[in-house]
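Asker: Pasting in a structure now, in structure tokens, and then I'll have a few things to ask.
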Amino acid sequence: NLIQFSELIQCANKGKRATYYYMDYGCYCGKGGSGTPVDDLDRCCKTHDDCYGQAEKKGCFPFLTLYNFICFPGGPTCDRGTTCQRFVCDCDIQAAFCFARSPYNNKNYNINISKRCK
């Protein structure tokens, strides 16, 4: 669920960067994705896309799955749930922590995908 993913991102980065900055970044952060990731942050998004692909192969619906998590001072943790809920939550938490530790390059926000993502 994108709302929960947004909350996880804010928990992991302690509110340092608004979630919308990640929605149109590089070749993979946002809808779809193709080509070679432009940097570490974009690689986080590709890994997240791949994780959602694995969730779908397991019969889960990652964009619709609601899950439980707790935001601790050290970052988010998945709480109880079904196999699909735990899998999708783990995908989102891994991405949120990856975003938090990866540098953000303003030059890779809202790039020309047709030119840079081949």
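If you go along the chain as it appears here, the first residue is 1 and each next one adds 1.
A Cβ is built for glycine as well, from the same backbone N, Cα and C atoms used for every other residue.
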Asker: Which of these links to Cys29 by a disulfide bond in Swiss-Prot: Cys11, Cys44, Cys45?
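Answerer: That would be Cys45, the partner Swiss-Prot lists for Cys29.
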Asker: Looking at Swiss-Prot, Tyr28, Gly30, Gly32 are annotated for Ca(2+). Which of Asp40, Asp49, Asp50 sits in that same site?
Answerer: Asp49
Asker: If you follow Swiss-Prot, the disulfide involving Cys84 connects it to which of the following: Cys44, Cys51, Cys60, Cys117?
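Answerer: Answer per Swiss-Prot: Cys60.
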Asker: According to Swiss-Prot, which candidate among Cys78, Cys91, Cys98 shares a disulfide with Cys89?
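Answerer: So the cysteine paired with Cys89 in Swiss-Prot is Cys78.
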Asker: Pick from Cys11, Cys117: which cysteine does Swiss-Prot list as forming a disulfide with Cys71?
Answerer: Cys11
Asker: Tell me which of Cys91, Cys98 Swiss-Prot records as disulfide-bonded to Cys44.
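Answerer: Its disulfide partner, as Swiss-Prot records it, is Cys98.
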Asker: Cβ neighbours within 10 Å, counted over all protein chains: which one of the disulfide-bonded residues Cys51, Cys91, Cys98 has the most?
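Answerer: When each Cβ's neighbours within 10 Å are tallied, Cys91 leads.
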Asker: Determine, from DSSP, whether Asp92 (active site) sits in helix, strand or coil.
Answerer: helix
